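Annotation source Swiss-Prot lists compositional bias 'Low complexity' at 138-152, 260-270. Taken from Swiss-Prot, the feature N-linked glycosylation site covers N57, N274. The feature phosphoserine is assigned by Swiss-Prot to S9, S11, S98, S201, S248, S278, with similarity to another entry given as support. Swiss-Prot lists 120-156, 196-233, 250-270 with the feature region 'Disordered'. As annotated by Swiss-Prot, transmembrane segment applies to 28-48, 60-80.
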Amino acid sequence: MMQGEVSPSPSLIDRTIRMRKETESRKVVLAWGLLNVSMAGMIYTEMTGKLISTYYNVTYWPLWYIELALASLFSLNALFDFWRYFKYTVAPTSLVVSPGQQTLLGLKPAVVQTTPPRDLAATQISPSPPSPSIQGQSVLSYSPSRSPSTSPKFATSCMTGYSPQLQGLSSGGLGSYSPAVTYSPVSGYSKLASFSLSPSSPYPTTVGPVESSGLRARYRSPPTAYNSPTDKEDYMTDLRTLDTFLRSEEEKQHRVKLGSPDSTSPSTSPTFWNYSRSVGDYAQTLKKFQYQLACRSQAPCANKDEADLISKQAAEEVWARVTMNRQLLDHMDSWTAKFRNWISETILVPLVQEIESVSTQMRRMGCPELQIGEASVTSLKQAALVKAPLIPTLNAIVQYLDLTPNQEYLFERIKELSQGGCMSSFRWNRGGDFKGRRWDTDLPTDSAIIMHVFCTYLDSRLPPHPKYPDGKTFTSQHFVQTPNKPDVTNENVFCVYQSAINPPHYELIYQRHVYSLPKGRNNMFHTLLMFLYIIKTKESGMLGRVNLGLSGVNILWIFGE
């Protein structure tokens, strides 16, 4: 700020904001004033002509007093608005700023008075006798005897101009403080200000290194105004320079916190390693520190980004054997999200609703012991045979539950996976906690559950096959689980092969080739996506005699056009 007071009130920023508000309000108050005058005139016309009384044949005598009150109110509002407009127009808030501040504040030349920095500095800086505690020492060098109240600050003219290179300093003689002081972030902060020579100044022209403690408090006033009541804070006029300045000072503060005794010496300044010096120049400094081996990080050697990159490259190599279009991998995340959504909305949500409906029917029929999630799979299969006419969907539901003896966990986990729309609780290599007990390998993983319900759903969509009387046409033809192994030598084998149980890993077998996508949380989804993509591109969208497109299962929409 370019004011001469110690604590200006209001500040330059506040006055600038107020001036902008006045400029914006000038047009608004004028409009309101004209509106109030118009309303008052209309009411006065009605009072004199009695238009309402004549037109509506109203003789209510308080009406005139109501109109008088409204006319008076609008008139007073109009007078107040015109007074504000006159005040903002005739006597607006004016500012005295430097050209740099005018540019930063975005002020128009018509509303400010621009004063050259030299004149402003000349009106603020007055010579004063030097303090004995700083006589004969560097202006910005550290002195243990210096009291906190005498810490030097930048003058208002210190920051009026910046240069990309350090201004030269005179090495001899005495100098007087110049209002054209320049600051350079390239100097490494070992030199900060330039002084013009004059025999009247008691201060040396050399400037020592900047201390790293109390950094921001030490760069605020000229050397001739440590305790002067006219010294004033200033703002840097360039954001890039300010950022560079603060970053370098924070680096120096960090060196001080490390406990280095030479942190304030020129050798440990930010430019210490920028000079062309030999190793011998650092011998005295380096021998003070003991060489220690760094602790080995507990994190894995390859971070997540590197693992993802390797996984993506491996996936590209596998997909390149299926299609030459390498841009497909750019859509893989979108395909995976759509596929998860399809499984949730098409299989899991309807399955949970049907299970709850069947359980309700069982209770109404007086069979509470056959509640799904409590009864065993064997009991449910027998009930499906006996009560098939009453509950025809029970047999289809039992096929989805024929995965693990722990029916309660399976049902609860399917309910959890059906929530959220996109299986947000899915965990590829484990499952959910059950009755306060953490998941263990005696329970199926989420990948196993999703693969089972997916295969069972397609079993229900494919027509019956005489070779598979149990109705598991898709599962028997297109899914193989270890310890069983597919016949890779058979060209007609087209299946998903689960080669590992914990953690689960899936591979695709197609035309005597094994396509093994990268392991991890998306292995199952990506393998199934490749399975469906081959059906779409190489099998014309047909899985046997069933169309997986719009006219059939309607799952190939996830690939778009």
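A Cβ is built for glycine as well, from the same backbone N, Cα and C atoms used for every other residue.
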Neighbouring C-beta atoms (10 Å sphere around the C-beta of N57 (N-linked glycosylation site)): 7
C-beta crowding around S248 (phosphoserine), within 10 angstroms: 18
Contact set, same chain, for the transmembrane segment (60-80): CB under 8 Å, 6 or more residues outside the stretch: 32-34, 36-37, 39-40, 43-44, 46-47, 52-53
Among S11, S98, the one of these modified residues whose Cβ has the fewest neighbouring Cβ atoms within 10 Å: S11
For S11 (phosphoserine), the three-state class that DSSP assigns: coil
S98 (phosphoserine) versus recorded positions S11, N57, S248 - nearest by Cα: S11
Inter-residue C-alpha distance, N57 (N-linked glycosylation site) and S248 (phosphoserine) (nearest angstrom): 84
Local backbone state of S98 (phosphoserine), from DSSP in three classes: coil
